[in-house]
Amino acid sequence: MCNFKSNSGQTAGLPPQIDGRAVLQPAGNRVPDTPRPVKKSLQKSLSLPSSFSNLSNNETHTNATDQRLVSTMPPKPVSTTKAKKPSYQIPVSIDVAGSIAAAQRVQTAIVQAQRKMRIAHYGRTKSMVERKSASVIDSTIYEETGNQDEKRCSFITNYSDPIYVAYHDEEWGMPVHDDKMLFELLVLSGAQVGSDWTAILKKREDFRHAFAGFDSELVAKFTEKQMALISTEHGLDLAKVHGVVDNAKRILEVKRDFGSFDKYLWAFVNYKPLAPNYKFGRKIPVKTSKSESISKDMVRRGFRFVGPTVIHSFMQAAGLTNDHLISCTRHRFCSTNASFSY
C-alpha cells in the first residue's frame with residue numbers, strides 16, 4: 001500500500017507529495033498561495049464590519065458598482081429662482097414723508113408747475129393749475145405791487161413781464177370802438193401767432209411806426225417798395241406786410257358799407273360784449289363758434305390772416321368778449337364799462 005503522508009508539514013508554496021512524489025490535483029482543488037478576491041456580487045451583499053464604518057469618502061477603494069448606482073440616479077432639480085440680492089438702504093436726507101420715489105414725484109410736480117407759470121399766457125395753456133390745489137403757485141394770482149387783496153387772472157403770474165401785466169390791467173378786455181385801435185389790435189393778434197403777447201407788445205411802437213399809426217387810408221396806399229423796406233427795417237415777414245396792406249384796403253371797403261369798422265365788428269355780438277364768466281384759465285378756449293362766424297365773413301370779404309384763433313384773440317383784446325376770470329377785479333370793471341352808444 002501507498003504510504004500516505006499528510007502535506008500539512010510541507011513547505012508553503014510546494015505541491016503536495018505522497019511517498020516523496022508530487023501528486024497532481026485538479027485546478028479546482030488547488031489552494032492558491034494568495035486569497036482570491038471576493039466577487040463583486042458578494043461584496044454588495046456583505047455588510048462591512050463596524051471598524052470600517054468610519055472610512056473617509058475620499059479614499060480610492062470606491063467600487064464600480066457604486067459608481068454605476070450614482071450614474072443611474074436622477075439628477076437633482078436645478079432651481080430657476082434667482083437668488084435675491086441683498087437690499088441696501090441708501091441714506092438720503094429727504095424731509096418729505098414717504099419713499100424716494102414719492103419725493104421725486106413731488107419734485108417733478110413742482111418743476112412742472114413752475115414751467116407752466118413761465119409759459120402761461122391767456123388762451124394758450126390747456127392745463128392751467130386750479131387755484132384751489134395750487135399751493136405752490138397760490139401767490140401768483142395776486143398783484144406784485146399794490147393791494148394784495150386784488151386778484152388777477154391766473155395766467156398773470158410772478159414770472160409775467162411787467163409790460164404784459166400792464167396790458168392786462170389797462171387794456172385787455174376793455175371794449176374798443178376806435179377804428180385805428182381796432183386795426184392795430186387785429187394786426188397784433190395776427191402777428192402773435194407762433195409767438196406770445198409779451199414779445200409783440202415790446203415791438204408795439206415799431207408796428208405803429210411801420211404802418212403809419214394804423215391809419216387804414218395811408219396803409220392802403222403803400223407801394224411794393226415801401227412794403228419791402230418795412231420788411232427789411234423791422235424784420236417782418238414780407239407776406240405778412242402784404243397782408244396788413246390788403247386788410248387796410250378791406251377796412252376801407254367795410255367803412256363804405258357799414259360806416260365804420262367798429263360798427264361792422266360789434267354787430268356780430270349785438271353791440272354788447274360776450275360774458276362767458278370763466279372760473280379757471282384752463283377753461284378759456286382758443287376759438288369759439290362766434291370767432292369762427294366772424295372769421296368766415298372776413299375771409300369772404302378778402303381779409304387775410306384772420307383765422308378763428310386769431311379772431312378770438314382779437315375779440316379778447318378789443319373787448320368783444322370779456323374773458324377775464326370772474327375772480328379777477330378787471331372782470332367787473334370791463335363789464336361796467338361796456339356801454340355802447342352813437
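Using the three backbone atoms N, Cα and C, a Cβ is placed for every residue, glycine included.
Database features, via TrEMBL:
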COMPBIAS  1-11  compositional bias 'Polar residues'
REGION    1-65  region 'Disordered'
COMPBIAS  43-58  compositional bias 'Low complexity'
BINDING   Cys153, His168, His324, Cys328  Zn(2+) binding site
(request) Using a 10 Å cut-off, grab the number of neighbouring Cβ atoms around the Cβ of His168 (Zn(2+) binding site), all chains included. (result) 20
(message) What's the number of neighbouring CB atoms sitting within 10 A of the CB on His324 (Zn(2+) binding site)?
(response) 26
(message) Taking 10 A as the limit, how many CB atoms besides its own sit near the CB of Cys153 (Zn(2+) binding site)?
(response) 26
(request) Enter the number of other CB atoms within 10 angstroms of the CB of Cys328 (Zn(2+) binding site). (result) 25
